[in-house]
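A.B. asks: Following this message is one structure expressed as structure tokens.
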Amino acid sequence: MTNLRKTHPLMKIINDAFIDLPAPSNISAWWNFGSLLGICLIIQILTGLFLAMHYTSDTLTAFSSVAHICRDVNYGWLIRNLHANGASMFFMCLFLHVGRGIYYGSYLFKETWNIGVILLLTVMATAFVGYVLPWGQMSFWGATVITNLLSAIPYIGTTLVEWIWGGFSVDKATLTRFFAFHFILPFIVTAMVIVHLLFLHETGSNNPSGLNPDSDKIPFHPYYTIKDALGLLLMVLLLLLLAMFSPDMLGDPDNFSPANPLNTPPHIKPEWYFLFAYAILRSIPNKLGGVLALLMSILVLLIIPLLHTSKQRSLMFRPISQILFWLLAADLFTLTWIGGQPVEQPFIIIGQVASILYFLLIIALMPLAGLLENYMLKPKW
């Protein structure tokens, strides 16, 4: 009798995706982040489900319902801290996953890459609407400022903003619909993750060398299941350390005050994982221009496959492009820092230079470096 996992219609799918999947023998720890993101998504859905059992999406009771979860619900404080810091872990893994894709040329799997970028946008939307739910000061003003950006769209902008708000300001209707969106979006994300994996398994994984790995494949289980388990252990350790010992380290102190439409916080800023995009938005002194730059900061990822000029796939053997890649990483750190600073000199000019450099590196400098490296590969005799 053949093994059930190879014959049963459902088990066969799981087997082909996680057990007998042929994987390159040389993929490094940078390939762990896909599985870590899957775990993050499961953690977020489970903790979110338990929070939703006790949360009320009403402007009068939302803030106190979150306080009630932390004070009166069994392990409510832990569930809430895991959910809030789980989002930070999610984005940490996301950024590293995307960075890996850029470094090793994984973006040349165009379908997998494109759905990945759409996934990134969807997760960002989910995190944004989720941040509004506790109805603290920064929740309220963050929602007001970010939704207001849509009013920059010519002709339909103002109508669109009021339609999203469900009134003339961020109020009860806004909170209720944001809760509905925050509940449904993770399931849409899960469906998209399955499609992401489907496209990936059409081609098989890339590897650090960027060469065709077909000549040397090993089964996913036990080799990469155990390797992923180690990554999972380290991530859960970091998450638990964060949630248990300093749960509010990455949050904003303003969110301990209930939302007050009559009192604007001195510095309105989003969570750390949006600061780089927020810095790009603020670096352009025009509203519509800023909104377009904000959108482009993520959508530029979609054109990276079209800008690949090198004869080699990976950056492993391309020292000039490596320098530019790490310059891009440093630039993103700079933008993240600037996004959290007040709008005054010298932060304004640093943000503007960093924003220009961000787009310049991706659109011009890295493709040019690829061409230069191609030229340097040619024998000169």
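Glycine is treated like the rest: Cβ placed from N, Cα and C.
Here the structure is a predicted model, which means the values were calculated and not measured.
What Swiss-Prot lists as transmembrane segment is 33-53, 77-98, 113-133, 178-198, 226-246, 288-308, 320-340, 347-367. If you look up Swiss-Prot, you'll see HIS83, HIS182 marked as heme b b562 binding site. What Swiss-Prot lists as heme b b566 binding site is HIS97, HIS196. According to Swiss-Prot, the ubiquinone binding site annotation covers HIS201.
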A.B. asks: Verify whether three or more Cβ pairs under 8 angstroms connect the transmembrane segment (226-246) with the transmembrane segment (33-53), leaving out any pair fewer than 6 apart in sequence.
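C.D. replies: Contact confirmed: at least 3 Cβ pairs fall under 8 Å.
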A.B. asks: Look at each of the binding-site residues, HIS83, HIS97, HIS201, and point out the one with the fewest other Cβ atoms around it within 10 Å.
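C.D. replies: Looking at the binding-site residues HIS83, HIS97, HIS201, the Cβ with the fewest others within 10 Å is that of HIS201.
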A.B. asks: Within 10 Å of HIS182 (heme b b562 binding site), Cα to Cα, which of the binding-site residues HIS97, HIS196, HIS201 are there?
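C.D. replies: Matched binding-site residues: none.
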A.B. asks: Against the transmembrane segment (113-133), which of these stretches has the most C-beta pairs under 8 Å: 77-98, 178-198, 320-340, 347-367?
C.D. replies: 178-198
A.B. asks: May I ask for the distance between the residue listed as 'ubiquinone binding site' and HIS83 (heme b b562 binding site), taken between their Cα atoms and rounded to an integer number of Å?
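C.D. replies: That separation, Cα to Cα, works out to 30 Å.
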A.B. asks: Count the Cβ atoms, other than its own, that fall within 10 Å of the Cβ of HIS196 (heme b b566 binding site), considering every protein chain shown.
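C.D. replies: HIS196 (heme b b566 binding site) is surrounded by 21 other Cβ atoms within 10 Å.
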A.B. asks: With every protein chain in view, what's the tally of Cβ atoms within 10 Å of the Cβ of HIS182 (heme b b562 binding site), excluding that atom itself?
C.D. replies: 22
